[in-house]
Each structure stands twice: as C-alpha cells, then as structure tokens.
Amino acid sequence: MSRLFLAPMEGLADYVLRDVLTDTGGYDGCVSEFVRVTGSLLPARVYERETPEILAGGYTRSGTPMVIQLLGSDPEWLARNAAYAATLSPHGIDLNFGCPAKVVNRHGGGAMLLTNPELLNRIVASVRAAVPAHIAVTAKMRLGVSDASLAIDCATALAEGGAASLVVHARTRDHGYRPPAHWDWIARIAAAVDVPVIANGDVWTVADWERCRAVSGCADVMIGRGAVSDPFLALRIRGLMDGSPSDQEWPLVLRQIATYLKKLHARIASCHEHGRVKLWLSYLKRTWPQAAELHAAIRRMQDSLEIERVLEGLPGAATAPE
C-alpha cells in the first residue's frame, strides 16, 4: 500500500494545523515546519515551541509520527543540532533543500544549496554521522534553482551522503508553486538513486495522486497544499471517504475550522489568530464554495472571538470534545 505523508509547509502547516489534519486521518507520517539552524546550538525550548510533538514521544495527538526538519547550510552546525534534536524523540531528521523563500535563499539555505551538490553531500554525511543509526536522516529537495540541470547530481549527492530517502518536489525554486509539477523528473531521479524516492507537488485530488504515481513511478507520495485545501484527501485516497468533495462534508470542515481556532487560542497571540483562520479558508475555497462565503463574511474581522461567534452560529460547527 502506498504511504502518504503530510508535507512541511512553512508559514502554513504549523503544529496546530498538523494536529488537526493528522487527526482527520490517513497519514503515515508528517514533517514539521523547518527549524532554522545558524551558528549556535538551539535549546530544547525552540523544539518544544516549533515541534511540540516531541513532548508526546514524537507523535501528533492522533498518533501520527512526526519528523523534525532542519534548515541551514553549515554542515558542522547542522550536525550538532541534529545530534541534539535526535535526543528529543523525533521519528527522523529531515533536511530542507527546497525552500524557495527569498529570505532563506539570501543566506544560502533551502533551494540555493541545489547549486552545490558537493556541499549537499557533506551536509548529509555530517548529519548522518552525528545522528544515532536507528534515527533516519532524510532530505527534501526541489529540481534546482532556475532549471533541473543539476537535479540528478544533487539527488545522487544526497543519497551517497547517507539520506535514507528523498522527497522530490517536482518544481525548481524559480517555478515556485505554479503548475504544473514535473513528475517525469521525479521518475528520472528515482531511476538514478538507490534510495526510496517520495513524490511531491500538485497533488490536489485523488486523480492527481493516481497520475503522480503513474508518471513518477513512486509508490509513496507527500501531500502539501492539497491536504490544506481538502483535509479529507488522504482518506479519499485510501478509499475511506467518497472520492470527490461533497456539500454534505461541509459541516465536518466547519468543525475542523472551529477546532483549529480553539487550539490557536492556546498557541499564538490573539492578534494573529484571525490571519491563520483566513489563510486556511483561502485554501479551502479551492474545494468548497461555502469556504469562500465564510471567508468573505469574516474578511474584515480581526477579533478571533468575533470569528468564533460567527462559526458557532453556523449549522454543524460545534467542536468535538477534547
């Protein structure tokens, strides 16, 4: 059976949304937003804040294993931080070689590292040597910066450095998130390396998942924004829910939104809560027209309690008990 993973999504899939989405079900694992590593050893409180799953043995509340993702460009400091992070009960250490954000790339991190296969190899080898053998070290990459000319060289460098598996987002950095994802390139990479490759990019529906697997040749798939747009996508892929979204599911989505807002109360400042809910609704609009109506209704609201009252007034929005 194909495995399904919830992707790391910086600025989108924080701990609270990871908790809500994995609680919905269908995922074999999830990866945290990246933890940025510079020239210091990060203390436990950073991981407790960014990856609270470590306080529960490395699992989300639903029991989904969580992998900590690190982002940086210095092999020594990444290795030191990975060695410490490995003591905190994650189910693996993932290395970010795909972030397209300008602020990250400006400092030589994320996708910018795809210009230097030799450095990629040194980073993975250093981290692999520093982390106990029973903890997997994995990597997530894009196809390159402006083109895919070094894609196979980079993937080979990562695999030879000791990465247990590779997630390949089938776009370059400059491609951003614009469609289409080039799943055929994932197939080329998978044929060139001796480690498992997990396909990623543009999986919004069950049909997309089927096409992605067929074109890439990969059994396993990592889902990102498609999971945010349709929280039931993993269950649809597994055949546990209808293959296409329906109006009958909207009350379930409302309950998820209400639960999400409730959980945000305990995690972030109230002045930021409204923005997170609106951000999620902006993705849900792709799947449910009702989300567009709700987004329009709360668009100017900045008080999360006011948004909560709107949700409470909608049929089916009552949250499930904790």
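Backbone N, Cα and C define each Cβ position, glycine as well.
Swiss-Prot lists Cys99 with the feature active site, proton donor. Annotation note: Cys99 (active site, proton donor) sits in a coil segment as assigned by DSSP. Cβ contacts within 10 Å of Cys99 (active site, proton donor), excluding its own Cβ and spanning all protein chains shown: 24.
The FMN binding site feature in Swiss-Prot is assigned to Pro8, Met9, Glu10, Gln69, Lys140, Asn200, Gly201, Asp202, Gly224, Arg225; the stated evidence is sequence analysis. Cβ neighbour count for Lys140 (FMN binding site): 28 (other Cβ atoms within 10 Å of its Cβ, all protein chains included).
Non-local neighbourhood of Arg36 (site 'Interacts with tRNA'): Leu71, Gly72, Val104, Gly109, each in the same chain, at least six residues away, with C-beta under 8 Å from its C-beta. Among the features that Swiss-Prot reports, site 'Interacts with tRNA' is placed at Arg36 (among others).
The site 'Interacts with tRNA' feature in Swiss-Prot is assigned to Asn96 (among others); the stated evidence is sequence analysis. Neighbour list (Asn96 (site 'Interacts with tRNA'), Cβ cut-off 8 Å, at least 6 residues apart, same chain): Pro8, Phe34, Gln69, Leu70, Leu71, Gly109, Gly110, Lys140.
The Cβ neighbour count for Tyr177 (site 'Interacts with tRNA'), using a 10 Å radius and every protein chain shown, is 12. Residues annotated as site 'Interacts with tRNA' in Swiss-Prot, with sequence analysis given as evidence: Tyr177 (among others).
In the shown protein chains, 20 other C-beta atoms lie within 10 A of the C-beta of Arg276 (site 'Interacts with tRNA'). Under the heading site 'Interacts with tRNA', Swiss-Prot lists Arg276 (among others).
A helical conformation is recorded for Lys278 (site 'Interacts with tRNA') in the three-state DSSP classification. Neighbours of Lys278 (site 'Interacts with tRNA'), defined as other CB atoms within 10 A of its CB across all chains, total 16. Taken from Swiss-Prot, the feature site 'Interacts with tRNA' applies to Lys278 (among others), supported by sequence analysis.
Sequence-distant neighbours of Tyr283 (site 'Interacts with tRNA') (same chain, six or more apart, CB under 8 Å from its CB) are Arg225, Val228, Ser229, listed in sequence order. The site 'Interacts with tRNA' annotation in Swiss-Prot covers Tyr283 (among others).
Sequence annotations record features per position, and here Swiss-Prot assigns site 'Interacts with tRNA' to Arg299 (among others). Long-range Cβ neighbours of Arg299 (site 'Interacts with tRNA') (same chain, at least 6 residues apart, Cβ-Cβ under 8 Å): Lys278.
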Densest Cβ neighbourhood among Gly201, Gly224 (binding-site residues), 10 Å radius: Gly201
For Glu10 (FMN binding site): intrachain residues, at least 6 apart, with Cβ closer than 8 Å: Glu33, Phe34, Cys99, Ala101
Secondary structure at Tyr283 (site 'Interacts with tRNA'), reduced by DSSP to three states: helix
Packing count at Pro8 (FMN binding site) (other Cβ atoms within 10 Å of its Cβ): 25
Where the record names Pro8, Met9, Glu10, Gln69, Lys140, Asn200, Gly201, Asp202, Gly224, Arg225 as binding FMN, the maximum Cα to Cα distance in Å: 21
Between Gly224 (FMN binding site) and Tyr177 (site 'Interacts with tRNA'), the C-alpha gap once rounded to whole angstrom: 11
